[in-house]
Amino acid sequence: MTLLEVDDVHTYYGQSHILEGVSLTVEAGETVALIGRNGVGKTTTLRTILQLTAPRRGSVRIRGEDVTGLGTHDVARRGLGWIPEDRRMFSELSVEENLRIAVKDTDRVGGKLAHAFEVFPDLEQFRDKKAGALSGGQQQMVAIARGLVGDNDLLLVDEPSEGLAPLIVETVAESLRRVSSDTSLLLVEQNFPLAMDLADRFYLLDNGQVVEQGSTDDVSREDEQIRRHLSA
Ligand SMILES: Nc1ncnc2c1ncn2[C@@H]1O[C@H](COP(=O)(O)OP(=O)(O)OP(=O)(O)O)[C@@H](O)[C@H]1O
């Protein structure tokens, strides 16, 4: 089943034409990577999907239903979760409270928290600690765990490895791998090897357009070309 279908979206900030006809899909169960240099429109693509910035042309469909122009809250209610680049913790609240807030079905808070701590055993020892006191890697893990307890069918994850040391990136990658057995992922990543490792398919964006796409299994052939786009 096609969970998400973005068709030929054109998105602007004021007069600036940022996305110039982006199309992509995410099937149920897939992890899809959106890669590309700084400023090519990756975050804008996620914002467009969530209708935080509605496209002027083109459409966004969730399970075949056109959600273009709906409020972000209504899009989220259809099973889309967002893990933004800045992670958006409630820094004065504990890890557990941050997770509780994300549970939509309040009758199931206990079970959801237990599941989160099972998937992220490292988090359990921090459950009473203020989220603002955690390291960047630990906060990223809380952000991913929040996506997990939120019962989302698709998580939009923006640059999860940003600013993290290589060893911590590996832990975060492992968290995403675990979450991907429960939910589909659309992953914005500038770390090319990480994106290739986690994703089934990829889209390469440049200047607001998809310039390459395919299975990550086939990527070695195109490797040089992709790297050129990423470093240009
Ligand atoms: N709120 C805004 N108003 C005007 N221009 C914006 C706004 N947000 C982003 N832009 C511009 O839109 C373009 C695309 O930005 P976007 O954040 O989508 O890129 P990105 O590929 O996610 O890059 P990064 O990795 O730096 O976040 C950039 O040129 C950026 O300067």
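A Cβ is built for glycine as well, from the same backbone N, Cα and C atoms used for every other residue.
Look at TrEMBL and you will find 218-232 tagged as compositional bias 'Basic and acidic residues'. Residues 35-37, 190, 192, 196, 202, 204, 206, 211-212 of the same chain lie 6+ residues outside the compositional bias 'Basic and acidic residues' (218-232) yet bring a C-beta within less than 8 angstroms of a C-beta in it.
Averaged over the domain 'ABC transporter' (4-232), the predicted model has a pLDDT of 92. Taken from TrEMBL, the feature domain 'ABC transporter' applies to 4-232.
Per TrEMBL, the feature region 'Disordered' maps to 213-232.
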